[in-house]
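What TrEMBL annotates here:
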{"type": "BINDING", "residues": "K127, Q190, G222, D253, K396", "note": "UTP binding site"}
{"type": "BINDING", "residues": "H223", "note": "substrate binding site"}
Amino acid sequence: VFLLIEDFSKAMSQAGSSQFQEVIRQELEYSMKVELDKILATASSNELEHTKKDLEGFKKLFHRFLQEKGPSVDWGKIQRPPEDSIQPYEKIKARGLPDNIASVLNKLVVVKLNGGLGTSMGCKGPKSLIGVRNENTFLDLTVQQIEHLNKSYNTDVPLVLMNSFNTDDDTKKILQKYSHSRVKIYTFNQSRYPRINKETLLPIAKDVSYSGENTECWYPPGHGDIYASFYNSGLLDNLIAEGKEYIFVSNIDNLGATVDLYILNHLMNPPNGKRCEFVMEVTNKTRADVKGGTLTQYENKLRLVEIAQVPKAHVDEFKSVSKFKIFNTNNLWIALSAIKRLQEKNAIDMEIIVNPKTLDGGLNVIQLETAVGAAIKSFENSLGINVPRSRFLPVKTTSDLLLVMSNLYSLNAGSLTMSEKREFPTVPLVKLGSSFTKVQDYLRRFESIPDMLELDHLTVSGDVTFGKNVSLKGTVIIIANHGDRIDIPAGAVLENKIVSGNLRILDH
């Protein structure tokens with residue numbers, strides 16, 4: 001009897017606590033609605049429509065955020081994907097190309113995610129406007145690639161940029177320089193969502209403005225927002241009306257994400273006659289990629305699992321290169337008609353990513369985001385394609401920038417390919433220290449980019465500069481201690497060397 005009473009009281013207290021939680025949730029939602037209505041009331045007539053859409057979208061996301069607790073995957077249900085659900089690229093390439101590849105290309109739209117700023121590399125303005133190679137920016141290279149495609153096949157593949165309120169103005173100004181190129185360029189904007197105070201869970205914005213001191217009140221909610229904002233912009237319908245069928249989506253800073261004709265042909269002319277609505281390019285993990293999202297089988301669907309969704313006890317297992325061999329490159333091929341259908345049914349399901357930030361004044365906020373690849377489970381007949389590593393060449397840091405500026409790569413019609421003179425297909429591991437973090441500091445420290453064809457590993461730390469025509473081979477480690485400076489002289493050849501201490505070679 002005592003045990004029964006104990007069980008009963010435990011059950012009652014649990015029921016009480018879940019009721020209590022429900023009351024709190026309702027109160028939070030109500031308070032949020034009141035605050036959002038106040039913000040909306042400050043919108044001018046020409047801002048009203050899109051601000052309303054943004055805040056509606058945010059309200060849905062906030063509602064889900066309050067419902068969901070803890071990691072969003074049940075680890076016990078995660079299985080390896082079935083063999084045929086991730087195809088090797090070689091198999092897709094082996095099918096060759098049809099004679100009418102131009103008609104297939106004319107069904108394609110290239111979409112680049114262009115919402116990010118270059119702040120992590122010490123630059124102001126959109127990241128896509130950072131010079132990457134021979135004065136060319138990420139955007140220049142993208143336009144050159146598509147222009148080359150359109151000229152070579154006499155096609156009309158358009159470029160669509162998904163901007164954010166941070167990058168839109170600067171990007172539009174620069175687009176005028178491509179007005180004579182053979183590429184139609186369209187833009188649409190990501191939603192603009194309010195950052196919320198971590199303690200009160202209320203927006204820190206008091207009105208709709210996002211300039212001056214209000215810049216920190218708003219954020220673009222991750223690239224998962226592409227489905228809603230592409231649809232809301234009207235551009236999705238226009239492209240479908242023009243006969244376009246697939247988009248190829250990738251990050252603008254991934255220089256390996258060029259249009260692949262073999263993958264496109266596989267989508268348009270599937271060997272089994274059944275078209276895929278969603279293809280994710282994955283590639284094999286190396287030790288450097290252990291945190292990348294991976295494709296799994298979950299409740300009979302392909303599902304992208306990110307490290308943030310993994311219960312703490314299983315994080316090491318998730319990072320294992322032997323169990324989860326691949327990761328998502330964020331190069332995605334998606335059917336336009338499927339986006340439209342799912343968007344109209346409100347059926348695109350993406351996990352919420354809670355991104356905590358500390359603002360300049362020290363205030364802790366959270367922003368609720370989603371990731372474009374997480375929607376894979378909402379589409380029919382999804383597929384992973386295991387592509388060569390060369391299709392994943394992101395430039396996130398100046399260490400990455402050094403690789404793509406060097407003679408490891410040759411540039412042709414906007415595309416970078418590994419130099420034939422490099423004896424093995426992997427890139428060297430490069431770690432530049434904090435003195436190189438900002439692009440302008442990095443550029444100042446290299447009189448010219450070293451010859452890196454025979455380099456395996458480079459670590460540089462402290463106040464180090466490189467003269468002209470330096471050659472780096474094997475493993476090179478250069479460490480200037482605090483207060484010391486190392487100048488690598490022009491023409492120096494460093495092969496399997498550790499340089500430390502203080503080295504100044506003066507011209508006289």
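Cβ atoms here come from the backbone N, Cα and C positions, even for glycine.
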Listed binding-site residues among K127, Q190, K396 whose Cα sits within 10 Å of H223 (substrate binding site): Q190
CB contacts for K396 (UTP binding site) [other CB atoms within 10 A, all chains]: 14
K127 (UTP binding site), number of other Cβ atoms within 10 Å: 24
Residues satisfying Cβ distance under 8 Å from D253 (UTP binding site), sequence separation of at least 6: G116, K127, S128, F138, P394, V395, K396
For UTP: widest Cα to Cα gap among K127, Q190, G222, D253, K396 in Å: 21
Number of Cβ atoms other than its own within 10 Å, given for H223 (substrate binding site): 23
